[in-house]
């Protein structure tokens, strides 16, 4: 599943190509994603200019004068940009569900083999959208700090990994990056969240930010379907310390990495290094 670094990588790839441009047409080949796409999306967007592009949690936000298009990549989605300088635009296959065509010939194509993503038009205040209004702070923002995390966790008895993956606590820290951050902080994923000391919260905040920033720099992780807007794979998976490394040596102590299930998600950690 594309997580925050993959979505941020996508944002940085598409924004320079579509900001300031006017939509000419929308080609809808498949309406049934996680939620059905508005069949009138072409009529709604045609003639509108993209003012800016942004991201909130794992949602891409394409902003227009009187509304915003929310795009979620789901389990297997990606956005690809084709420009006039590319020559012939790639022929769509059965997983290429939506093309947004701009007046200069640029095409933004949404691909989603598993169809768990979403493309939603909203004309209200962006922050009040039901999918956005209850989200926690961005992990790379100043709002996500030791004081904040310590205050949020001190009343929570659940495992710290589950708390870290809760979008009401902090957005965008998915399974891969929660595993990696907890290892680098030396904190067991099973530790009750309210048992973390203030200095441990500070260290965890620091490692979350470092892991996510490094993942963005390397184009995110490509495990199955994710590619960036140029069709290229990310390579942060080459730097995994524990994720996907069950029964392999811990890079820190040489002991074996363990895989368990926590909250129905694969959880990788080193019992020796993480307490």
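Indices start at 1 and increase along the chain as displayed.
Glycine is no exception: its Cβ is also placed from the backbone N, Cα and C atoms.
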| query | To which of the residue ranges 206-240, 241-275 does Swiss-Prot assign the term zinc finger? | reply | 241-275
| Can you name the far-off residues of the same chain, 6+ from the ends of the zinc finger (241-275), with a Cβ under 8 Å from a Cβ of it? | 159, 161-162, 165, 175-176, 179-180, 182-184, 186-191, 223
| Out of 58, 95, 114, 265, which of these recorded positions is nearest residue 2 (active site, schiff-base intermediate with DNA) by C-alpha distance? | 58
| remark: Helix, strand and coil residue totals from DSSP for the zinc finger (241-275) stand at 0 helix, 12 strand, 23 coil
| request: Compare the Cα of residue 58 (active site, proton donor) against each of the recorded positions 3, 95, 114, 265 and report the nearest. | output: 3
